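Visitor: What follows is a structure written as structure tokens; I'll ask about it next.
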Amino acid sequence: MAQDQYKFVFTAKEAESEGVTEPMRLPNLIGKAMSLALAPISKYKVGAVGRARSGRIYLGVNVELPGLPLHHSIHAEQFLVTNLALNSEKGLHLLAVTISTDGNDFGAPCGNCRQFLMEISKALNIKILLKSKYEAEGSFKSLRLLLPDRFSPDDVLPKGSPLLLEKRHNCLSLSGSAEEICSSDCSHLKCKALAAANNSFSPYTNSPSGVALQDDDGNWYRG
């Protein structure tokens, strides 16, 4: 299958070619997002489209895992934010999440995802599209309005702690000689896993971890 069929990141120019010429046109990519969702349990595919502060457009999808309860699923918003982190984005500006099976209604994220978004730097400024199929345009509402009387990282973390999508280094290392442990730019899978772990966000448990995988075609993935 064509690689573009599994495309989750669009430059501003690529997004424009898909009809995303201004914020209200983010839904033009929701069909692509929903087609990539994996919902074998509920059959309810959710897509999310977000614009990062850099101007690039990202897709997110829900992922359900057969044999496990639904609370182990990855929500589309969480998928999208992880996508931002893996691409070294500094923040999320706009977000559109479908709440209907036909992809024509857009609403606020679930309570779990609203709290998850609070882990991002300047989260309260994130604008979320609210639109029903009966509205021509809809409107953007800030997370500040959608999550009143909120709990935030500032309530528990030390002042100045790096938040999600902010630069961080967990100061982890692997045992071995200098020749065996290189850098995140080398071809060693363990070095890529170490780099992922050093960028891991786990401020409440202090248990950072990372993983790197390589497929049969030589492509590698990290998280």
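Positions of Cβ are set from backbone N, Cα and C atoms, glycine also.
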Visitor: Return the residue out of H72, H75 that Swiss-Prot annotates for the same Zn(2+) site as C110, C113.
Guide: H75
Visitor: If you measure from the CA of V63 (substrate binding site) out to 10 Å, which recorded positions from the list H75, E77, C110, C113 are inside that radius?
Guide: H75
Visitor: Count the Cβ atoms, other than its own, that fall within 10 Å of the Cβ of N62 (substrate binding site), considering every protein chain shown.
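Guide: There are 24 such Cβ atoms around N62 (substrate binding site).
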Visitor: Near E77 (active site, proton donor), how many other Cβ atoms are within 10 Å of its Cβ?
Guide: 24
Visitor: Within the domain 'CMP/dCMP-type deaminase 2' (184-223), count helix residues (DSSP H, G, I), strand residues (E, B) and coil residues, in that order.
Guide: 10 helix, 6 strand, 24 coil
